[in-house]
Amino acid sequence: IHQNGGFTKVWVSLKTIFFPVVVLILIWYWKRINLLCRAPILVEKYVSFFLNLLTSIGPLEYLTLWIDMPFMILLSDIRQGVFYASLLSFWLIFCGEHLMVSDEVERNRLRSYWHYLTTVALGCFCLFIFDMCERGVQLKNPFFSIWTSTVGSKLSLGFIVLAGISACTYFLFLCYLVFKVFRNIGFKRNTLPSMSSARRMYYEGVIYRFKFLMMATVICAALTVISFIIGQVSEGQWKWDKDIQLQVEYTSAFYTGVYGMWNLYTIALLALYAPSHKYYPAQSDAISSTQEEIEFSRLTTSEPSPSEPTEISSLTGLAKKAAFD
């Protein structure tokens, strides 16, 4: 165990502060979803699942004050791995649901993303096997280290390099998906001038918030990948007996910052993706309203209300519709 008392205080304090906040927001979000007259869509359900996993990495360290838990490090690694798998899968599904292209892929179905999810699950399973090679044995022999043998140290070093390459590849692919989403939205945004002023202002606000959320996703993904690579490298440097006092100081600050970023990103995600409680006035021009309903047939036939789709998810209908001639 290489974390000192100061880092432990800050780490547990952050978990203690964010845990009740995230739980309350989860309850609020799910109540808003239950007010809808329809079943939750895939992204809404996965947001709830992701948020539940975020609460699972809460301050379980308090249990060690009363219960002897020699497996706590292994349990923490497993919880962290499951959270990583959920987070990486969510970003792929989130971008995939908003690609909004006229393909034959059935959206709003988890099986449509089986190739993404299988790749993420396979990578996380390899991480779990590697972790069990050391953490699992340490349950019986706390002083065991896979780095003590020549073969083990070479395999570990190779794994760290491979994990770093995989993380960077994932981030580049995610950026590619985000670029496609932005490009498609840019093309479909040309349809806005032909709409009434009320609807145009509504969808301009939706597009602005959606772009903000996508940029936050890219930043969060970049820092998460960097945090993962730093964690693997610093873990290896401990085994290599290097002088890394400066790096450890920065690594601790980076870990706490990334954890806080996860929680703030989740709060922003729920705030922007929760069903809107706002009502919009009906269109006064019946002819214009009828024309817009025909031109945007995949949207709802009236303005959003608490029982209709979320504001961000309504952007999907806008972008799926072909542009006007």
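Using N, Cα and C of the backbone, Cβ positions are placed for all residues, glycine too.
Automated prediction, rather than curation, is the source of TrEMBL annotations.
Sequence annotations record features per position, and here TrEMBL assigns compositional bias 'Low complexity' to 300-311.
Per TrEMBL, domain 'Wntless-like transmembrane' is recorded for 4-277.
According to TrEMBL, the region 'Disordered' annotation covers 291-325.
Outside the transmembrane segment (12-30) by six or more residues, the chain places 47-48, 51-52, 54-55, 57-59, 61-62, 256, 259-260, 263, 266-267, 270, 274 with a CB less than 8 A from a CB of the stretch. The transmembrane segment annotation in TrEMBL covers 12-30 (among others).
Same-chain residues lying 6 or more positions outside the transmembrane segment (42-62) and placing a CB less than 8 Å from one of its CB atoms are 8, 12, 15-16, 19, 22-23, 25-26, 29-30, 33, 72, 75-76, 79-80, 82-83, 86-87, 89-90, 93-94, 97, 107-110, 262-263, 266, 269-270, 273, 310, 313. The transmembrane segment annotation in TrEMBL covers 42-62 (among others).
Distant neighbours of the transmembrane segment (82-101): 41-43, 46-47, 49-50, 53-54, 56-57, 107-108, 110, 112-113, 116-117, 120-121, 124, 127, 170, 174, 177-178, 180-181, 184-185, 188, 210, 214, 217, 221, 224, 228, 262, 315-316, 319-320; these residues of the same chain sit at least 6 beyond its ends, with a Cβ under 8 Å from one of its Cβ atoms. TrEMBL lists 82-101 (among others) with the feature transmembrane segment.
What TrEMBL records for 113-130 (among others) is transmembrane segment.
Annotation source TrEMBL lists transmembrane segment at 157-179 (among others).
Residues 84, 87, 91, 94-95, 98, 160, 163-164, 167-168, 170-171, 174-175, 178, 181-182, 185, 251, 254-255, 257-258, 261-262, 265, 268-269, 272-273, 312, 315 of the same chain, all 6+ positions outside the transmembrane segment (210-233), place their C-beta atoms under 8 angstroms from a C-beta of that stretch. Annotation source TrEMBL lists transmembrane segment at 210-233 (among others).
Within the same chain, residues 7, 10-11, 14-15, 18, 21-22, 25-26, 28-29, 32-33, 43-44, 47, 50-51, 54, 87, 209-210, 212-213, 216-217, 220, 223-224, 226-227, 230-231, 310-313 sit at least 6 positions outside the transmembrane segment (253-274) and bring their C-beta atoms closer than 8 Å to a C-beta of that stretch. Per TrEMBL, transmembrane segment is recorded for 253-274 (among others).
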Outside the transmembrane segment (113-130), six or more residues from its ends: residues with CB under 8 Å to it: 78, 81-82, 84-85, 88-89, 92-93, 96, 156, 159, 163, 166
Beyond the flanks of the transmembrane segment (157-179) by 6 or more, those residues with Cβ under 8 Å of it: 88, 91-92, 95-96, 99, 123, 127, 130, 214, 217-218, 221-222, 225, 228-229, 232-233, 235-236
